[in-house]
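A.B. asks: Straight out of Swiss-Prot:
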BINDING   Leu112, Ala113, Cys114, Gly115, Phe116, Gly117, Lys118, Thr119  ATP binding site
DOMAIN    99-255  domain 'Helicase ATP-binding'
DOMAIN    308-459  domain 'Helicase C-terminal'
MOTIF     205-208  motif 'DEAH box'
Amino acid sequence: MSYITVIDDKLYSSLRKLVGYSPLYLFNDKGDFVEVMKNSEFRFLIPSGYFSNSNVPLYGLTFSYGRNWMKDRQKIILPELYPIQRRVIEEIILQFSRKCKEKRPLYTTLHLACGFGKTVTASYLIGTHKKNAVVSVPNKLILKQWENSISSLKVSYYVSYEGVSKLLKVLTSKSFSILVVVDKHFSNKEFCELVYENYDVFILDEAHIYNLMNESIMTSFLCYYPPRICYFLTATPRQQNAVYCNSIINFIKFSPLQKILYVIRELYNEYTNPSIRAHVSQLQTTANKYHLYTEKALAEDIHRNKTIVDKIIETFKTNQGNRILVITKLRNHMIIIYNDLRKVLSDKVYLGDAQKKSTTDMIKELRTIDNFILVSTLHYAGTGLDIPNLDSLFICNTVMNSMQSEQVMGRICRDTGSSPTRSIYLFINTSIKEIKSLVGVFTQRFAQQATKLGFREVSQMA
């Protein structure tokens, strides 16, 4: 259970500063998740992770680290790490030794660049603790990636592909040193209690997905069943989440990669059709709050789509890009681009369709292929896609927030020892006049973020 207290002025100021002075929400002692107001007389639950920072007073609290040792810990084989990854481990050990002396919670956010190898690094940490561990991921698509990494430790593990009910039945007769689960498992109270009693290490993968100032499964778990040792893994941390994990290790990876950003500029005559006109009519309505109709109209821009397809084919045929990822926002746009590419490049083109069960096996196959084009959606491939050798990224959609942009760029920024060149292709123009300005603004915003991440911009006329 978290620390329960009335929040005085000093604590209130500290918590508000931590969340960037945005509204502060916590559970009160009645179990209600409410906004914390200054001088409130309610008692609130302060998450354990808040006390992980040495600048925070402990109010006489001490934290223990559990005794749930792996029964097969003598079998552990730690994975090989790159020098930069070993530096992260050394920094964590140094920080945790200080926390142990002060009896603080062993919590930290690992802010590591996309392509750093967070999964391998976290697996190494699990192995060094030698205590039972649970890894939580936001969706099933990432489970296989974790299984590949965890299995190398050579201790017992279970990856829960079939839901929490099946897992609880399995755990009645068997125990495992490591569980890898989807976050929805934590909606089950019995599972939360089991984890709290039997597992000491908790890994929250893709922590940026969760806004812990909102009431959610993860907010409840971290507050009412606080892990003894906890890692948040992310390339793009949320400031609001610092209340739950108030310690961070920030490593920027220096690499020899040559990063090039191509902004393709082609002028088009205006184009429309009945479907586009229907989408355009929704642009100024609340239905377009998340630019859904902007993307629907853009997906039907036949002139822009032709430019994209032609550039992909040219890049692939001239060996400027050998392992290409093509990203769309909408599924129908993905299929349009895929079909057009297949007409020319046939079996070199693959479809990353989240609706097909065979996609997971296909992704695994692509890790062993030297020349391919994968067409997928931002939802499927933007976070957690495990194909380390990608070298080129084509962005077909236009509207992304900064977190999504950085995540998708990370798909091609892994230093795998192959070709040192990494390329991004943006398409800044459209033939649909009603969205032309917006497409330009969002594309330029993406380009600005790419340059901050080390990409050198080159303008090209198609």
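Keep in mind that glycine also has a Cβ here, set from the backbone N, Cα and C atoms.
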A.B. asks: Taking a Cβ cut-off under 8 Å, which residues six or more beyond the ends of the motif 'DEAH box' (205-208) line up next to it in the same chain?
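C.D. replies: That would be 109, 118-119, 122, 135-138, 142, 146, 232-238, 241, 245, 383-384, 403, 407.
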A.B. asks: Limited to the domain 'Helicase C-terminal' (308-459), I'd like the whole-number average of pLDDT.
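C.D. replies: Looking only at the domain 'Helicase C-terminal' (308-459), pLDDT averages out to 90.
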A.B. asks: Looking only at the motif 'DEAH box' (205-208), what are its DSSP counts of helix, strand and coil residues?
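C.D. replies: Reading the DSSP string over the motif 'DEAH box' (205-208) gives 2 helix, 0 strand, 2 coil.
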A.B. asks: Name the secondary structure element type, per DSSP in three states, that contains Leu112 (ATP binding site).
C.D. replies: strand
